[in-house]
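Taken from TrEMBL as is:
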- 20-38: transmembrane segment (TRANSMEM)
- 50-72: transmembrane segment (TRANSMEM)
- 78-96: transmembrane segment (TRANSMEM)
- 117-138: transmembrane segment (TRANSMEM)
- 144-167: transmembrane segment (TRANSMEM)
- 188-206: transmembrane segment (TRANSMEM)
- 212-229: transmembrane segment (TRANSMEM)
- 241-266: transmembrane segment (TRANSMEM)
- 278-297: transmembrane segment (TRANSMEM)
Amino acid sequence: MSWIVLALIPFQGPLYTLTYFTAELGLGISLMGWNLIMERLSATARGVTLSQYTVYSTLGQLVSTLLAGIFVGSSTSLIRIPFALTGAITLSCAFLGQRTDVDVEDPARRPRVSRKLLRFFLISFLFTVVWSFAWPLFPMAQVYIFHMTYFNVAVISVIGGISTLFLRNRVGRLVDRNRRFSMFLGRILLATFPLAYALAPNIFVIYAVEPVAGLTSLLGSTAYVSYLYDSSTKEDVKMSLGVYSLVQGLGAVVGSLISSAIFMGVEPILGLERGVEYLLLTSAVLRIMTSFGYLKLKV
């Protein structure tokens, strides 16, 4: 519903920000939907099965992103139509989800978070802070450094999506064989993107490194949720998913705010382009450093 509202209101002001915030809340809550399938999967099949779901999602993203990019072009006003369609499709999926059969059981005891998962949540929070540090910078780099159009952004998404399709089976097997290394690989490779945006001389270099997004997307949607289920009892898994969503949300807010505050301080000194580039390099280094924490997790 929030996306439909976004299509109808001005693209600025507190109402737009609040509505977009509501839409993002829905994305965070959607993580709980994995309960519909995960409890029916064995630990040795979770990576492969989740990667299959990621492929279905990617196919939809490929079609919608490419069509939206071609339709919108460089006209900001036309983006309202894809927003409205997104809202309509999301509402349809929500109604379909109501028809899904779910087994509901009262837990034998009150849920709790294990010490093993507390370590995972701490590492995830720290990484999400440095991960989201670059998020406010990417749009500025796209607009002011590379002068991208909506079509350019769509091409980037399509390249990453095609990579996801080709890597599905390999990543699924890797996650099932080695959870810890999969989590580490999925995080350290995320340093590729701020490095590319900071150092690339033109947009074609961005295109060239974008296939890495297919790998990080698959690992991001399989390895960490699988680890949560591996490390939780049946009574605790729902709380673990909720805490994980909370940790990621808080980390994203903290990292984005820190990045924005630092940029506002350095822009008058370095200028917009240099300020963005230096902060992106900082983000890449921090991503590499914090990703090693996943190698210390118990499996």
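Heads up, the Cβ atoms here are built off N, Cα and C, so glycines get one too.
No curator has checked TrEMBL annotations; they are predicted automatically.
Per-stretch counts of Cβ pairs under 8 Å to the transmembrane segment (278-297) identify 117-138 as the leading one among 78-96, 117-138, 241-266. Proximity of the transmembrane segment (241-266) to the transmembrane segment (144-167) is not established, fewer than 3 Cβ-Cβ distances being under 8 Å for residue pairs spaced 6 or more apart. When each of the listed stretches 50-72, 117-138, 144-167, 188-206, 212-229 is scored by C-beta pairs under 8 angstroms to the transmembrane segment (78-96), 50-72 comes out highest. With a cut-off of 8 Å between Cβ atoms, the residues of this chain six or more beyond the transmembrane segment (144-167) that come close are 54-55, 58-59, 61-62, 65-66, 68-70, 72-74, 79, 197, 200, 202-203, 206-207, 210-215, 217-218, 272-273, 276-277.
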